[in-house]
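Asker: Submitted below is the structure of interest, expressed as structure tokens.
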Amino acid sequence: MQRLQMHSTCFVVCTSLVIDLLAFTLILPLFPSIFDHYSREDESGFYRFLDSKVQQFQHLVNAPNELNKVLFSGLLGSWFSLLQFLCSPFIGAFSDVFGRRVCLLFSLAATLLSHMLWSLSGASFALFFVARTVGGLSKANVSLTTAIVTDVTSQENRSKAMALIGASFSVGFIVGPLLGAILSQWSTNPSQCASIVAIALTSVNLLFVFFFFSESLSKERRAKSIGKGLSQAYNYISPISLFSFNPVQNIKQKDVHILRETGWIYFLYLLLYSGLEYSLSFLTHLRFHFSSLQQGKMYFYCGLIMILVQGTYVRIAAGHELRTAAFGLLLIIPAFVLIGISTDTYQLFSGLALYSFSSATVVPCLTTIASSNGPVDQKGTILGIFRSLGALARALGPILSAILFWKFGSVFCYCGGGFILCIPLLYLRSLKVKLNAKKDLKSD
């Protein structure tokens, strides 16, 4: 009976996550068109206000006016991720006291509100900004889903359940952008139809969770006080605490060094990767004049390669995560250089193929390395720190990349970012020495 309940709960929350990711990713290929739209149609004056502030610095750095949209998009992307980074641990802490169900329903209801505001923002960039702000504040579905899966699974079968979460991401990020791109063709406002579909999907998701999800955290297992939970949540937004892995208790010194180094590699990789990933749609829009539909096809192409690599190469390479991560880190360097200097779509899609391979390998392998070190009873804490490091990187990456793109152009941004990715690759060599030393100590 307990096993049946576990499968039922995992099915419900992973289905909910797929629906949520479909709604979330509809907008990804639309950003260039959305900013083109607001540069012409904004009646709130907020876009012009931002543009005028940026223009005060343009003559100092000689940045072209048409790249202001890249800067605004990077700012908006970092703002959304920063809010998610700050709020997600606290929503998780509340769920430890009040239960997962009520917090998941609250998160979905707030997400629904953000999509409604998006649908009303056709001529108001200010309202669009508010919609993204509400979305960032409420985006805790991934951490809540992970907590729910942890509630209902044992140590032995947890990895399989976590793989379902990974598969949910793959489905969402393949289908969502392509669907959003197709919907953009149905209206003069590039995001009008996508926002309506996002409302419909989130409404269905809210009803689905309300009727089919049963609470996974019993009252006996809940935290007695919110104070301790909030204190622990603070550890997940403090950079010093995160990089030191302070929330992990009773850990051996050699494991601390391994986790800290793995954390730095993970953070540096995602910092550069997320920034260049976020500006990719603008590069293809400005250089190759990609429409939203072509952007959607590009995301579909990348997602398809990622699924194939995860389903074949990553599975075959199980047990050799360090080597696989190193290979992925090595390939991302020529990937970004090739994308940066590409003059035709053949070069672009060759770079995207390498980029997709790296996307499918580095993060899963580094996460596996981290979860294989440290106390067995604190794997959830370690993975929670990793998620927070990733969220922090995604909060900083888009704006840093956008500033480089805006000031120096796409070639410098991508080629420079590609070469800087040599740093986490060098860190990986140092990590290999530490892991080998630990292995030798065990064998003795």
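Using the three backbone atoms N, Cα and C, a Cβ is placed for every residue, glycine included.
Heads up, TrEMBL stuff is auto-annotated, nobody curated it.
Since we're looking at a predicted model, the values are computed, not measured.
According to TrEMBL, the protein carries these features:
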{"type": "DOMAIN", "residues": "9-434", "note": "domain 'Major facilitator superfamily (MFS) profile'"}
{"type": "TRANSMEM", "residues": "12-31", "note": "transmembrane segment"}
{"type": "TRANSMEM", "residues": "70-95", "note": "transmembrane segment"}
{"type": "TRANSMEM", "residues": "102-120", "note": "transmembrane segment"}
{"type": "TRANSMEM", "residues": "161-183", "note": "transmembrane segment"}
{"type": "TRANSMEM", "residues": "195-214", "note": "transmembrane segment"}
{"type": "TRANSMEM", "residues": "264-286", "note": "transmembrane segment"}
{"type": "TRANSMEM", "residues": "298-318", "note": "transmembrane segment"}
{"type": "TRANSMEM", "residues": "325-342", "note": "transmembrane segment"}
{"type": "TRANSMEM", "residues": "348-370", "note": "transmembrane segment"}
{"type": "TRANSMEM", "residues": "411-428", "note": "transmembrane segment"}
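Please go over these features one by one and say how buried each is and what sits next to it.
Answerer: Counting only same-chain residues 6+ beyond the ends of the transmembrane segment (12-31), those with a CB under 8 A from a CB of the stretch are 73, 104, 108, 111, 115, 118, 139, 141-142, 145, 148-149, 164-165, 167-169, 171-173, 175-181, 183-184, 190-191, 194, 197-198, 201-202, 204-205, 208-209, 212-213, 281-282, 292-293, 295-296, 298-299.
Through the fold, the transmembrane segment (70-95) approaches residues 31-32, 35, 47, 50, 54, 102-104, 106-107, 129, 132-133, 135-140, 142-144, 147, 217, 223, 226, 229-230, 232-234, 236-237, 274-275, 278-279, 282, 286, 384, 388, 391-392, 394-403, 405-406 of its own chain, all at least 6 residues removed from its boundaries and within a Cβ separation under 8 Å.
For the transmembrane segment (195-214), the list of distant contacts is 5, 9, 12-13, 15-16, 19-20, 22-24, 26-27, 101, 104-105, 108-109, 111-112, 115-116, 118-119, 179, 183: same-chain residues at least six beyond its ends, Cβ to Cβ under 8 Å.
Distant neighbours of the transmembrane segment (264-286): 28-29, 31-33, 66-67, 69-70, 73-74, 77, 81, 243, 294-295, 298, 329, 332, 336, 339, 348, 358-359, 362-363, 366-367, 370, 386, 389-390, 392-394, 396-402, 405, 410, 413-414, 417, 420-421, 423-424, 427-428, 431; these residues of the same chain sit at least 6 beyond its ends, with a Cβ under 8 Å from one of its Cβ atoms.
With a threshold of 8 Å between CB atoms, the same-chain residues lying at least 6 positions outside the transmembrane segment (298-318) that come near it are 25, 28-29, 166, 170, 173-174, 177-178, 181, 284, 290, 324, 349, 352-353, 355-357, 359-361, 364-365.
Residues 269, 273, 276, 280, 283, 287, 348, 350-355, 357-358, 360-362, 365-366, 369, 410-415, 417-419, 421-422, 424-425, 428, 432 of the same chain lie 6 or more positions beyond the ends of the transmembrane segment (325-342) yet place their CB under 8 Å from a CB of it.
Panel annotation: around the transmembrane segment (348-370), residues 166, 258-259, 262-263, 265-266, 269-270, 273, 284, 288, 298, 301-303, 305-307, 309-310, 313-314, 317, 321-322, 324-325, 327-329, 331-332, 334-339, 342, 382-383, 386, 390, 431, 435 of the same chain, lying at least six beyond its termini, place a Cβ under 8 Å from a Cβ of the stretch.
Taking Cβ pairs closer than 8 Å, the transmembrane segment (411-428) reaches residues 261, 264-265, 268-269, 272-273, 275-276, 279, 283, 322, 325-326, 329-330, 332-337, 339-341, 401, 404-405 in its own chain, all 6 or more past its ends.
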